[in-house]
Structure formats: structure tokens, C-alpha cells
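Inspection log for the structure reproduced underneath, given as C-alpha cells.
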Amino acid sequence: MKIPLLGLLLLISLVGSPTRAEEGPVCPKTETLSRASFPEGFMFGTATAAFQVEGAVNEGCRGPSLWDIYTKKFPHRVKNHNADEAVDFYHRYKEDIQLMKKLNTDGFRLSISWPRIFPHGRMEKGISKEGVQFYHDLIDELLKNDITPLVTVFHWDTPADLEDEYGGFLSERIVPDFVEYANFTFHEYGDKVKNWITFNEPWVFSRSGYDVGKKAPGRCSPYVKEFGKLCQDGRSGFEPYVVSHNLLVGHAEAVDAFRKCEKCKGGKIGIAHSPAWFEPEDVEGGQATVNRVLDFVIGWHLDPTTFGDYPQSMKDAVGSRLPRFTKAQKAKLKDSTDFVGINYYTSFFAKADQKVDSRNPTWATDALVEFEPKTVDGSIKIGSQPNTAKMAVYAKGLRKLMKYIKDRYNSPEIIITENGYGEDLGDKDTDLSVALNDHNRKYYLQRHLLALNEAICEDKVNVTSYFLWSLMDNFEWQDGYTARFGVYYIDFKNNLTRMEKESAKWLSEFLKPGLKPSKSSKLHEEL
């Protein structure tokens with residue numbers, strides 16, 4: 001049964017157990033969903049990334065990144081936009097931290113820009129003192145306002161000099177350079193920051209950048225649908241596996257350095273993965289298809305950091321195109337995360353692909369799967385999707401994904417490192433009566449927070465934090481500024497003015513500290 005977003009009367013009635021089960025989180029008993037419904041100490045925050053918000057690309061000796069070069073070289077692939085100014089977080093972070101306070105959040109996920117610290121990619125070629133100080137000032141301001149930082153070391157902004165020298169993550173030479181940079185950040189900020197992420201979305205970084213050519217550096221083979229004609233270089237079905245392999249080896253070495261860092265004692269480190277959930281389209285053999293695509297989407301990077309090697313299904317399918325880890329690398333990779341970061345947005349139907357051309361390999365042909373937000377004949381859509389939405393809304397997928405990770409990966413600590421609703425308002429983008437009344441985003445957050453609460457309180461999944469994407473509208477990669485994900489609206493034509501959306505008002509109420517729900521009331525929202 002499909003439930004329309006608009007005109008929906010949403011009734012959220014939540015009954016949690018006040019007593020501890022044999023294992024798992026303890027949830028207070030509440031009648032309505034609020035901050036009070038989550039376990040004691042549960043953190044709520046917002047998330048951003050350096051390239052998407054900072055701007056100031058030519059200040060403080062910052063060097064160019066992969067994405068700076070890409071947006072200038074291929075403007076038609078990013079809506080003719082760039083992030084030279086972005087939302088000017090570099091100069092306005094104090095103002096934006098007050099927006100976080102207004103939301104009643106107590107966490108903030110940020111990323112450090114590698115070329116803002118090492119303009120040319122390596123320490124020996126120079127350190128930007130201003131860049132280093134910027135992150136000190138930002139972290140200090142967060143802590144002064146009782147907001148806990150979660151810091152991502154790499155969020156796709158490879159220094160351009162390393163791209164030019166040896167192809168960035170296409171070369172194993174990236175490993176020592178990344179580890180040097182990561183180790184520098186650990187020792188520089190480790191006494192203030194206790195929560196770290198080495199890499200953001202390795203699946204997206206490798207597949208979108210090096211297999212389908214959708215994101216920087218925009219590499220793919222000519223036979224790839226949609227972007228094949230745009231890609232000037234690349235080798236789909238080969239390069240994404242090389243990139244991820246180097247990334248995983250770099251992660252293991254960086255974690256080894258982190259665990260030896262005296263300043264970092266008591267800290268935690270992980271990777272932010274970006275799996276969707278998948279429902280089987282065909283009943284016969286459907287679950288096998290789902291299991292296979294999950295191996296290729298999340299197991300690709302989570303299996304090595306948990307068990308020390310790639311999923312067997314990937315090794316069988318990809319064969320010699322999938323690099324092999326040495327025994328020493330496997331030993332370092334195994335149990336190399338303290339938590340599993342999850343960026344969840346949407347879900348798909350998965351269907352076995354029987355029409356694979358092995359002469360033109362890609363990640364998708366190796367996975368032997370097709371996935372879409374609707375069935376092949378279009379008769380059934382997964383969840384619901386308003387006309388302006390970037391992705392289908394399917395909160396059940398979040399709960400199912402949490403349970404899957406708990407069961408397959410030995411019940412790890414999980415942090416929701418991103419979750420949010422994106423929309424393209426088209427010609428209504430500057431119509432504030434539309435843009436600020438983002439009821440669909442409010443609905444999305446309500447449904448997903450309810451699903452997350454059920455995963456924690458009923459399924460006993462060990463989720464400890466939730467970070468909303470995003471604090472504010474920003475540069476959304478290939479979509480430029482046309483896709484809005486923020487709970488604060490950015491007026492890109494009027495001094496980057498920040499404006500509160502309806503979702504921000506709702507979230508602020510939801511997160512009010514000490515809020516106790518009325519015993520006789522339930523939450524009704526006219527959407």
C-alpha cells in the first residue's frame with residue numbers, strides 16, 4: 001500500500017520498554033516520539049563536508065583539490081556551478097554554530113580538507129598554518145558551545161597535485177601520502193576530537209568516480225550508459241576495484257597510526273558507508289539477489305574491515321580484476337573500525353540481471369543486478385516519492401538495514417553519519433513560500449527517526465548517534481546548487497543568507513532537552 005506524502009495524517013505512537021532486555025540498548029517508555037524516546041546519551045547532530053560548504057578556495061594557502069579541477073574542466077557535468085564560495089562556512093562558521101544551537105543538536109560532523117592542510121598533498125611540500133588554525137578555531141568554537149565534533153579525514157577532496165603526479169587513488173602511492181596526512185590530523189586535533197572517520201562513502205567514491213563517471217574524476221569506459229560519451233578516460237570494471245583497494249589499505253594503515261597516537265587515547269574511528277536497502281523484485285531467488293547486491297554495496301568495504309577480506313561472492317565474480325590483500329594487510333584490516341558509519345537515504349527493488357555482456361565489465365555487471373526505485377514494469381514504487389524529491393522515501397529500509405548489519409557484522413556500534421531528504425524545486429527554488437515550507441522533509445525525518453527508534457528499542461541494534469544531512473543547503477556534487485538537503489535555506493542570490501525552514505523548527509522542538517511527552521497526547525502532523 002502506498003501512502004502519499006501530502007495530505008497524510010501521521011500518527012506516531014511509540015511504546016518502548018523501560019527495562020533492559022538480555023542485551024541491547026535501554027529505551028525510556030514514552031507515548032510520543034521525541035529525543036526522550038532514545039537511550040540516555042544518544043547524540044543528535046547535523047553534517048557537512050569541507051568542499052561542499054567552506055568556500056574560500058584561494059585563501060590561507062589552500063591548494064586545489066580533485067573537485068576544484070573537475071568543476072572547472074567539466075562545468076556541464078556540475079550544472080555549471082562550482083564551490084569557490086559554496087556557503088562561505090570558512091568565514092561564517094561561528095554564525096552557523098549558533099544555528100546548530102538553535103536546533104538543539106549536540107553533535108556536528110565536519111570534514112577536514114586535505115589540500116587546506118597540505119596544499120600540495122605532502123608535508124614536505126609545505127603545511128598551511130592558516131588552514132591548520134582554521135580547524136582548531138572551528139573545533140574550539142564547537143566545544144565552547146557544547147557540540148561534539150565528528151571529524152572525517154577524507155571526503156573526496158584529493159589534492160590536485162597528487163592526482164597529477166600519479167592519479168590519486170588509482171595508485172598505491174596514495175597510501176603513504178594519505179597516512180601521513182591522516183596521522184598529522186590525529187596528532188594535531190586528537191586531544192580535542194575523539195570521534196573520527198577515515199573515509200566517506202567509499203562505494204560512491206569508487207563507483208561514481210571510476211566506474212560510471214558520474215562524479216569526479218569522471219572516469220569510465222565508453223560503453224557505460226549515460227556518462228560513457230562524457231568520459232575522456234577510464235576503465236570501468238577495473239579502476240573502481242583498484243581505487244577501493246588502495247583506500248582500504250590506506251584506512252588500515254591510518255587506523256594503525258590512530259591507535260598508536262597518545263593524544264587520541266579513548267577515541268573511536270570508523271568509515272562512513274553509504275548503502276541503500278534492497279527489496280527483492282522477483283520472489284523466486286529474490287533474497288539471493290538482495291544478498292548479492294548487499295555484498296557488492298556494503299560488504300565490499302565492511303567485510304574487509306570486519307573479517308579481513310572481500311566477500312566471497314565478489315572474489316568469485318570479479319576474479320583477477322579484484323586485487324588481493326597480503327596476509328599482513330588482512331591482519332591490519334580485520335577489526336579496524338570501532339563503529340560502523342552509515343549514510344542512509346533511500347531503497348531500491350533489486351532484480352537479477354540475466355543480460356550481462358562480460359566483454360564490457362562494470363561494477364553492475366559483476367554484481368549481476370539491476371536496481372531501481374520501482375519495478376521493471378513501473379507498476380510498484382518503493383515507498384513514496386514527491387515530484388520534487390531526489391530519491392524515494394522508504395523508512396522501513398533504514399530499520400531493515402540496521403538489523404542486517406547487526407546480524408551479519410557481530411552487532412557493532414553504528415552511527416548514522418548521514419540521513420536526509422533532497423529536493424529539486426526547479427522554478428520554485430527562489431519562491432520562499434515553497435522553499436521554506438518543506439513539509440516533505442519534515443515527514444521524511446519523522447518517519448526515519450521512528451524507524452531508527454524501532455531498530456534500537458525493538459531490534460536492539462546498537463545505534464548511538466544520528467547526524468542529519470544537512471545543516472544547510474550546499475554544493476551537492478554533480479547537482480551543483482540545484483539539490484537542496486538543508487534544514488536551513490541558503491539564498492544563493494542574496495549574500496548566502498541563512499533562513500530557517502519548517503523542518504528546522506520541527507527538529508528544534510523534537511530535540512528540546514528535557515522535553516517530556518504528555519501522557520494523554522499523541523503526535524499529529526498534518527502534512
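Note: Cβ is positioned from N, Cα and C throughout, glycine not excepted.
Record check, Swiss-Prot: beta-D-glucoside site residues include His155, Asn200, Glu201, Tyr345, Glu418, Trp469, Glu476, Trp477, Phe485, and the candidate from Gln52, Gln287 also listed there is Gln52.
Here the candidates are Cys220, Cys261, and Swiss-Prot names Cys220 as the disulfide partner of Cys231. Residue ranges 20-23, 312-315, 424-427, 524-527 are listed, and Swiss-Prot annotates 524-527 among them as motif 'Prevents secretion from ER'.
Trp469 (beta-D-glucoside binding site) carries neither a helix nor a strand DSSP state and counts as coil. Annotation for Trp477 (beta-D-glucoside binding site): same-chain Cβ neighbours under 8 Å, separated by at least 6 residues, are Gln52, Trp67, Val78, Lys215. In this structure, the recorded positions Gln52, Asn200, Asn462, Asn495 were compared by how many other Cβ atoms lie within 10 Å of their Cβ, and the smallest count belongs to Asn495. Straight-line distance linking the Cα atoms of Asn200 (beta-D-glucoside binding site) and Asn495 (N-linked glycosylation site), rounded to a whole number, equals 30 Å.
Of all the recorded positions in the list Asn183, Tyr345, Asn462, Trp469, the shortest Cα-Cα distance to Asn495 (N-linked glycosylation site) is found for Trp469. On the backbone, the CA of Asn183 (N-linked glycosylation site) and the CA of Trp469 (beta-D-glucoside binding site) stand 27 Å apart. Of the residues the record lists as binding beta-D-glucoside, namely Gln52, His155, Asn200, Glu201, Tyr345, Glu418, Trp469, Glu476, Trp477, Phe485, the two whose Cα atoms sit farthest apart are 18 Å from each other. Long-range Cβ proximity for Tyr345 (beta-D-glucoside binding site), meaning a same-chain Cβ under 8 A and a gap of 6 or more residues, is found for Ser274, Ala276, Met391, Glu418, Asn419, Gly420, Gly422, Trp469.
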